[in-house]
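Trainee: The structure is given below, and queries will be raised subsequently.
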Amino acid sequence: MSWYSRLVVNHPIIFIVANISLACILGPVTVFTVGLPDFSEPLLGIEPRRSKVTIWEKTAANVFAGLQNGTLSYHPVSDDMLPESDTANQFKSRKLRLAANSTESLQNCAYKAPFEFSLSDTRIVVKSKTGANILTADHLHSICRLQDVISSYRWPSKSCYLVSLPLYVTALANKSSCYDISQDDIDDVIELLQECSPYYFNGTLSPYSQPTEPSLSVPQRCGHLNAVYAILHLLTDDGFMKDGDVNRTELEFSVIAVPFEWSNNDTDFLLEYYMDTFENPDIRDGDVVIPAVFMNIRHVLFVRYIREDMLLFVLAMALVVTVLFVYLQSFILMIAVIMNVGITLCWSYFVYYYVVQMQFFPFMNLIAALLLIAISADDVFVIYDIWQKETRLNPDSSYETNMSETLRKGGLSIFVTSLTTAASLVINVINKITAIRCFGIFAGICILLNFVIMITWIPALIVIIEKTSRYCIPKTSAKKCRKCDNKLAKISDYFWGVIMMKLITIGSPIWIVSLLIFGILGLVVVFATPGLKLPDSNHMKLFKPENLFQKYQEDYKDRIRFEKEFESSDTIRLAFLWGVEGVDNGNEWDPNDQGTLVYGPVDVLSEEVISWQNKFCHQLKKQPFVLEKHRNDQCFFETVESLLTGPCVLKPPNQAWKKEINLAPCCEMKTLPNRTINEQCMMYYLNLTRGNLGFITGTEVLGEVIFDKNNDVKIFSYTFMSTGMFTSNYVYMDNFYMEVDKFAEAELSDAPNILKDGWFASYSGVVFLFYNLQKEIGRGTMNGIGLSLTCSFIVLLVTSLNIIISLYAIFTITLVIGATVGTLVFLGWELNVTESLTIIMSLGLAVDFTIHYGVTYKLEKSNSRADRVVHTVTTVCSAVSMAALTTFLSGVSVLNARVLAYRQYGIFLVFIMFYSWIFSAFLFLPLCYIIGPLGHTGDLVYLFRCCCRMRSEREETTKPADRGFIWQSEVNGIVLPRIVYEPRNSNNADPPWFRRPELSRQMALTNYS
């Protein structure tokens, strides 16, 4: 390092200017060409790619999207084959009548909610603070006053008025204002609900003012104003008259709904409305409070919170630089750390996009900024402390000598910690979740570039500070400063070298045993019981628990019947598909690129395919995971065959058809037609019925053919309802999925070659995504921890070249992770994406302090373990402690973040720093004090040399003893007499010239002369 130290000392300005210039060029170039990161879709990337489940689900979603946008269809898109008997026109008119009925408006906008309310509309939850029944006059009056506050904000004219329980009670009681509601009015409404609720729960009562089917008898008063349906379906919790129990009339909470015709232009309005109205934590009227809110601005609000929470990053930086200034007493170094983080981010942003050529920047990458703040402060403390120690111990040495020693000790320590941390982060590329993989790449780049900047930027600044202080500070002041520094150094040495050393050494066995037990208990908590729990909600948590949006998602959404209607909590609809390959041809690093459909060969009308498909269809109907109602469904190809051989004129199967159905000429065939006629007739049937053969057969048909815009058959599928119910319970979903997968694998094994590529997924392509996310989070986290530990051990071994230090370090780090994650488990953490990311990242932060101690211990040449530990403590313990303090404060500064990921990361930083400092100081150092390596013990180079020497000596001593040898030499061109050695028995010793060949040559020369 002497040449590099000489370069830094003699030309520090070059390093400073180069770093700043590169940052000023690379940062703006990347921002202007790529742009700033876009976090408008924060959930992008929170999905596993490259896994079978996700690939099949995404392909099914693309098929579903094609059916929705018209690029695919269940029937030919041309009307050329429609018969003149306008049979298909009857089908079209039926759909139009239903559509007209479904959009028929009522006179009062307030009562359109039951059937026109959508998931994008605003819902405001109101409840009693004490948990009392709110179906009382006083509570409804309080809700009225809250409604006035809500409606006082100027809503767009296209918005309906508020829909709420007090408004329905007011209308049903024929009152002019909700403030006129009496308890008798409420009792009358309860009586109406008790009478009509059975019709709601058995599905008879529709969301319209009148029943949809005249044959069903529903009292007219139950449909009046849609009140019963609206109250039970939208405005009350599911505990109210639960399961049809009319005596359960206590209401825990109610919903105020705002049917709002959504458009992108209304985003700003709703955002400002929420910030002005609901950011007040004390929204109440009497005993009634608003505990939760939903608006269709969740992602927009999240982006705003990200921007606002960046101020907490500034606070973290302010705390760090304040500690830096107090400890280092250098304003320049304080500013340098701030600039160091900025320069690193500029370089990393450029490398991320242009060198690594990544296309996606998830919001979690911003966490790397906090990571950089912590690591930069840590590195500066270490380098500056070693520099100060070297200059104090060697005041007459040149700058080059002191800088060389500083970089030899501090640079090696920083290099090992940076490489280990970067390796533990980059190893996350094995994870299948895109956001975690991208974070691993970006954070790894940041750490490595931070090291490069740290060994160029900071040493150059230290040299400039030392040189300017020598010439700018008067000699008398310099002497006083040196005396003051020496006194402070003595105090520091006494504290760290005496007091801290006594704490470490006196109770070292107790420390080792206590921390060992604590760390092992933490590992048991993490990996055994209670263990890290997989997420039990399929909603990604974005905000802190106190947020009104988050409380709606966690506490209220699943308790509103309206929400349950749109949730995937009903029966899972499955689809088996052929003709489209289950592949992901999109960019696996870019969640915006979901790929396109890749069609494979499909021949639905060959005799072999029809025979196998009929067999598969019958086997499918027998499976326990298929809903009972499909047992009597007709198989698709058997239905086509029955239509070909059946009568030409069919009676109307239901009231929607006004005339008889004429299938001519595709009917009354005594033998099955050839392939061409068969295909034409099949397309005719599907065009006639808009893809559903059951409309003319009167029975359900299992199997569908999907066409593209050119009327070419692209996909054949079986779509059916299963017995499985969507749930966030991983074990249940895993058992169900594996049951279906086992059946599919067994059946497809003997399929014709053209059908072997069949696969299955949920019909919409979304049901199994959360299950697979749970699966990959659990698997990826455990694999990430294991591989990170392995990778870190290899890096430690290669860089430190001492196996004992490496084993002690990785042992300590493992216990730190166990203690940290075990504590987080007790705090109720679930293994979601954010938590998985922080746990995997724990190794990168846990490793720093232990490695600093380990490298310093190894570099000390003393033959006494106590002296080595004292040297280690006095050299880097203060720097490590300050680094722990600054990182701890960084974590504390973001604990109040509104974005949950930042808050979780802050909690993680607090505990990882606490445990890292405790375990490294009171477990790793006591281990080194009691059984630490001395001399060359454990050094890989020394062990390698010893092994080579022993092998060489063994070959020299065993080869002659086995076979003997003839030795002959030449001196000045004269050939010496041959010396013949023959092995003796074990009782006779070998001659000295055999054990030492140089003596044999000397003896031969003597004898010859």
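Just so you know, glycine gets a Cβ as well, placed from its N, Cα and C.
In case it helps, TrEMBL gives these features for our protein:
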{"type": "TRANSMEM", "residues": "12-36", "note": "transmembrane segment"}
{"type": "TRANSMEM", "residues": "310-328", "note": "transmembrane segment"}
{"type": "DOMAIN", "residues": "319-464", "note": "domain 'SSD'"}
{"type": "TRANSMEM", "residues": "334-355", "note": "transmembrane segment"}
{"type": "TRANSMEM", "residues": "367-387", "note": "transmembrane segment"}
{"type": "TRANSMEM", "residues": "407-427", "note": "transmembrane segment"}
{"type": "TRANSMEM", "residues": "439-465", "note": "transmembrane segment"}
{"type": "TRANSMEM", "residues": "510-532", "note": "transmembrane segment"}
{"type": "TRANSMEM", "residues": "785-804", "note": "transmembrane segment"}
{"type": "TRANSMEM", "residues": "810-829", "note": "transmembrane segment"}
{"type": "TRANSMEM", "residues": "836-853", "note": "transmembrane segment"}
{"type": "TRANSMEM", "residues": "873-895", "note": "transmembrane segment"}
{"type": "TRANSMEM", "residues": "907-932", "note": "transmembrane segment"}
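Please situate the listed features within the shown structure.
Mentor: Using a Cβ-Cβ cut-off under 8 Å and counting only residues 6 or more beyond its ends in the same chain, the transmembrane segment (12-36) has close neighbours at 339, 342-343, 345-347, 349-350, 353-354, 453, 456-457, 459-461, 463-464.
Same-chain residues lying 6 or more positions outside the transmembrane segment (310-328) and placing a CB less than 8 Å from one of its CB atoms are 334-335, 337-338, 341, 366, 369-370, 373-374, 377, 380-381, 384, 882, 885-886, 889-890, 892-894, 896-897, 902.
With a threshold of 8 Å between CB atoms, the same-chain residues lying at least 6 positions outside the transmembrane segment (407-427) that come near it are 1, 4-5, 375, 378-379, 382-383, 385-387, 439-441, 443-444, 447-448, 450-451, 454-455, 459, 784, 787-788, 791-792, 795-796, 799-800, 840-841, 843-845, 847-848, 851-852, 855-856, 859, 875-876.
Counting same-chain residues at least six beyond the ends of the transmembrane segment (510-532), those with a Cβ under 8 angstroms from any Cβ of the stretch are 504, 778, 781, 814-823, 825-826, 829-831, 839, 918-919, 922-923, 926-927, 930.
Taking Cβ pairs closer than 8 Å, the transmembrane segment (785-804) reaches residues 412, 415-416, 419-420, 423-424, 427, 430, 810, 813-814, 817, 839-840, 843-844, 847, 851, 854-855, 858, 932-933, 937-941, 943 in its own chain, all 6 or more past its ends.
If one looks beyond the transmembrane segment (810-829) by at least 6 residues along the same chain, the residues whose Cβ comes under 8 Å of a Cβ in the stretch are 515-516, 518-526, 530-533, 785, 789, 792-793, 796, 835, 839, 842-843, 846-847, 850, 904, 907-908, 911-912, 915-916, 919-920, 923-924, 927.
For the transmembrane segment (836-853), the residues of the chain that approach it from at least six positions outside its boundaries are 364, 367, 371, 374-375, 378, 382, 413, 416-417, 420-422, 424-425, 428, 431, 433, 435-436, 439-440, 443, 447, 532, 777, 780-781, 784-785, 788-789, 792, 796, 800, 809, 812-813, 816-817, 820-821, 824, 872, 876-877, 879-880, 883-884, 887, 904-905, 908-909, 912-913, 915-917, 919-921, 924-925, 928, judged by C-beta separation under 8 angstroms.
Cβ atoms under 8 Å from those of the transmembrane segment (873-895) belong to residues 309, 312-313, 315-316, 319-320, 323-324, 327, 370, 373-374, 377-378, 381-382, 384-386, 389, 409, 413, 492-493, 496-497, 500-501, 504, 845, 848-849, 852-853, 856, 902-903, 905-910, 913-914, 916-917, 920-921, 925 of the same chain, restricted to positions at least 6 beyond its ends.
Same-chain residues lying 6 or more positions outside the transmembrane segment (907-932) and placing a CB less than 8 Å from one of its CB atoms are 370, 374, 500, 503-505, 508-509, 511-512, 515-516, 519, 804, 808-809, 812, 815-816, 819-820, 823-824, 827, 838, 841-842, 845-846, 848-850, 852-854, 857, 865-866, 868-869, 872-873, 877, 880-881, 884, 887-888, 890-892, 895.
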Trainee: Same-chain Cβ contacts of the transmembrane segment (439-465) under 8 Å, 6 or more residues past its ends?
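Mentor: Residues 8-9, 12-16, 18-19, 330, 332-333, 336, 339-340, 343-345, 347-348, 351-352, 356, 358, 361-362, 364-365, 367-368, 371-372, 375-376, 379-380, 383-384, 387, 399, 403, 406-407, 411, 414-415, 418-419, 421-423, 425-429, 431, 837, 840-841, 844.
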Trainee: Within the domain 'SSD' (319-464), count helix residues (DSSP H, G, I), strand residues (E, B) and coil residues, in that order.
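Mentor: Tallying H, G and I as helix, E and B as strand, the rest coil: 129 helix, 1 strand, 16 coil.
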Trainee: Sequence-remote contacts (6 or more beyond its ends) of the transmembrane segment (334-355), Cβ cut-off under 8 Å?
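Mentor: The answer is 19-20, 22-24, 26-27, 29-31, 34, 317, 320-321, 324-325, 328, 361, 368-369, 372-373, 376-377, 380, 441-442, 445-446, 449-450, 453-454, 457-458, 461.
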